[in-house]
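Visitor: Per TrEMBL, the feature disulfide bond maps to C33-C66, C43-C56.
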Amino acid sequence: MPFWGLQKQLGIDVDSFLLRQSMPQPYSQAAACHAFEREWVECGHGLGQIRARRECQLEYEDFMECMNRTKM
């Protein structure tokens with residue numbers, strides 16, 4: 001974790017595109033699939049890309065199901 005929030009101090013946001021639902025939303029209401037995305041990110045945090053793909057497959061499928069509205 002950096003000591004200074006350089007992006008916040010300069011007023012730029014370079015990595016916000018990585019998470020779709022976690023960005024600030026209009027009227028401060030959470031997006032529909034925010035919970036699924038959060039579970040997926042928390043599952044994969046600190047595991048590494050290859051291990052996270054294998055171990056967090058269920059969370060990712062739930063998130064994509066919510067985003068694409070396939071099994072409703």
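Just so you know, glycine gets a Cβ as well, placed from its N, Cα and C.
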Visitor: Whole-number answer please: how many Å between the C-alpha atoms of C43 (disulfide bond) and C33 (disulfide bond)?
Guide: 16
Visitor: What's the CA to CA span in angstrom from C66 (disulfide bond) over to C56 (disulfide bond)?
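Guide: So the alpha carbons of C66 (disulfide bond) and C56 (disulfide bond) sit roughly 16 Å from each other.
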